[in-house]
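Novice: One structure, pasted below without further comment.
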Amino acid sequence: MAYFNQHQSMISKRYLTFFSKSKKKKPFSAGQLIGLILGPLLFLLTLLFFHPQDLPWKGVYVLAITLWIATWWITEAIPIAATSLLPIVLLPLGHILTPEQVSSEYGNDIIFLFLGGFILAIAMERWNLHTRVALTIINLIGASTSKILLGFMVATGFLSMFVSNTAAVMIMIPIGLAIIKEAHDLQEANTNQTSIQKFEKSLVLAIGYAGTIGGLGTLIGTPPLIILKGQYMQHFGHEISFAKWMIVGIPTVIVLLGITWLYLRYVAFRHDLKYLPGGQTLIKQKLDELGKMKYEEKVVQTIFVLASLLWITREFLLKKWEVTSSVADGTIAIFISILLFIIPAKNTEKHRRIIDWEVAKELPWGVLILFGGGLALAKGISESGLAKWLGEQLKSLNGVSPILIVIVITIFVLFLTEVTSNTATATMILPILATLSVAVGVHPLLLMAPAAMAANCAYMLPVGTPPNAIIFGSGKISIKQMASVGFWVNLISAIIIILVVYYVMPIVLGIDINQPLPLK
């Protein structure tokens, strides 16, 4: 257990150092300084020199704002969340929206869905339910190296559907490293050292990749999907329900996890090690250390099941009571959160209730503000006439094969998100794709859904996603290895996303991909 705690602490320090070491000496890096100046400069140049005849002044103004915000998001000239507050200042100044209209977007139902999801995830982490779930899954799947690898991927992927992918990977990596350490200590004379090293690398990458892939399973699994839900509602007035997305997302996760497991086990790090010395013993030992399920864990488990059932059945069961429009996914998320604040804990030395307001310190408020900023900007694009104008300009693409457009969008976003924030990428590109769908005459989800899914999938570089940074921080994998393996996982993801969006999603969501929707 000491080894487990030691490695968790070590990884946390490396993870933080990875993102902070370049910012110790100067307030801005060279790239940030360029972005800091370039953003307002593009804003001014657009206002002064860009005046198409068929674009009203308000549209030019919102385009200028968009270029400013996008530049600061990409370069992270200031914190992304701080940049996301710019619409509150700039949109009312241009008489695009009133202050009340802009501010209301930061309190959208979708933001409260994610807020409730965060609170539920923190409750799981506080009472260590996620560790028990992960270890139980690994223990059930089996003891061979192939099954241990699969077990870690399934456990991490499942957790990341409901808790942040960062938290899921941070929990699983120390367990994985402890198993590898045990294998080295118990190594038999006839055990191939190279095989253990290959298994070690495959396990570390498997955990990181599964944390990223699992987020595609539910709307609260990853920020780009919440942004997709919000932008789709904002531009077209239609909802993507929690239940229907799960029917699309979970099979996607299962297929991606399965193919990635096969690739890591039999192609990228092929080895002859069938059983890992001490592996299954250590898993059982850690389960024993957790002891019997505590009262607080049972409460959180019950609340988790209740939340899942309500999200899944809301659309189907509430229709007969004619209150579907009054009970949104965000309503359920906040109801569940309030229950967690009400129910008392037995272990009152640590916490009086299952969740208390100390949880506010752990909530990622910056992500919620980013969502609000994206929705406010989308509203401005729609109200100013910019969306309509963009649609007219993009009509030249009409006649291009929709599948070709989907392929280009998916691959472009997949590699763009390797070097930019996935939330910022989705927030920037989805409004453009909403307009493009009208111009080329296809259903908006045919373009928006693959972009949102691809924005979540970055496997090549440590800066691509927090899970990548964590596994790189373990010291077990080099950037070169991560890039070479991640490139092929990127391509695998692109193929699966394209197939799912083109052939599965229309059936599940009941949409005609060749039928465009009018912009609001």
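Yeah, the Cβs are placed from backbone N, Cα and C, and that goes for glycine too.
Okay, so Swiss-Prot annotates it like this:
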{"type": "TRANSMEM", "residues": "30-50", "note": "transmembrane segment"}
{"type": "TRANSMEM", "residues": "55-75", "note": "transmembrane segment"}
{"type": "TRANSMEM", "residues": "77-97", "note": "transmembrane segment"}
{"type": "TRANSMEM", "residues": "104-124", "note": "transmembrane segment"}
{"type": "TRANSMEM", "residues": "160-180", "note": "transmembrane segment"}
{"type": "TRANSMEM", "residues": "207-227", "note": "transmembrane segment"}
{"type": "TRANSMEM", "residues": "242-262", "note": "transmembrane segment"}
{"type": "TRANSMEM", "residues": "323-343", "note": "transmembrane segment"}
{"type": "TRANSMEM", "residues": "362-382", "note": "transmembrane segment"}
{"type": "TRANSMEM", "residues": "399-419", "note": "transmembrane segment"}
{"type": "TRANSMEM", "residues": "452-472", "note": "transmembrane segment"}
{"type": "TRANSMEM", "residues": "491-511", "note": "transmembrane segment"}
Novice: Rank 30-50, 77-97, 323-343, 362-382, 491-511 by Cβ pairs under 8 Å to the transmembrane segment (399-419) and hand me the top one.
Specialist: 491-511
Novice: Using Cβ distances below 8 Å and needing 3 or more such pairs, separated by at least 6 in sequence, tell me whether the transmembrane segment (77-97) contacts the transmembrane segment (242-262).
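Specialist: As far as Cβ distances go (cut-off 8 Å, pairs 6 or more apart), the transmembrane segment (77-97) and the transmembrane segment (242-262) do not touch.
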Novice: Tell me if the transmembrane segment (491-511) touches the transmembrane segment (104-124). I count contact as 3 or more CB pairs below 8 A, with pairs 6 or more residues apart.
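Specialist: The answer is no, given that the two segments have fewer than 3 Cβ pairs within the 8 Å cut-off.
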Novice: Who are the chain neighbours of the transmembrane segment (362-382) in space, where the CB to CB distance is under 8 Å and they lie at least 6 residues beyond its ends?
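Specialist: Residues 62, 65-66, 69, 79-81, 83-88, 91, 96-97, 101-102, 105-108, 110-111, 114-115, 118-119, 122, 164, 223, 226-227, 230-231, 234-235, 423-424, 426-427, 430-431, 434, 519-520.
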Novice: Taking pairs 6 or more apart in sequence, does the count of Cβ pairs under 8 Å between the transmembrane segment (452-472) and the transmembrane segment (160-180) hit 3 or more?
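Specialist: Yes, the transmembrane segment (452-472) and the transmembrane segment (160-180) are in contact.
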Novice: So which residues does the transmembrane segment (242-262) touch in its own chain, when a touch means Cβ under 8 Å and the partner is 6 or more beyond its ends?
Specialist: 113, 149-150, 153-154, 157, 161, 206, 209-210, 213-214, 216-221, 225, 229, 311-316, 329, 453, 489, 492-493, 496-497, 500, 504-505, 508-509
Novice: Which bits of the chain, at least 6 residues beyond where the transmembrane segment (30-50) starts or stops, bring a Cβ under 8 A of a Cβ in it?
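Specialist: For the transmembrane segment (30-50), the far contacts come to 60-61, 63-65, 67-69, 71-72, 74-78.
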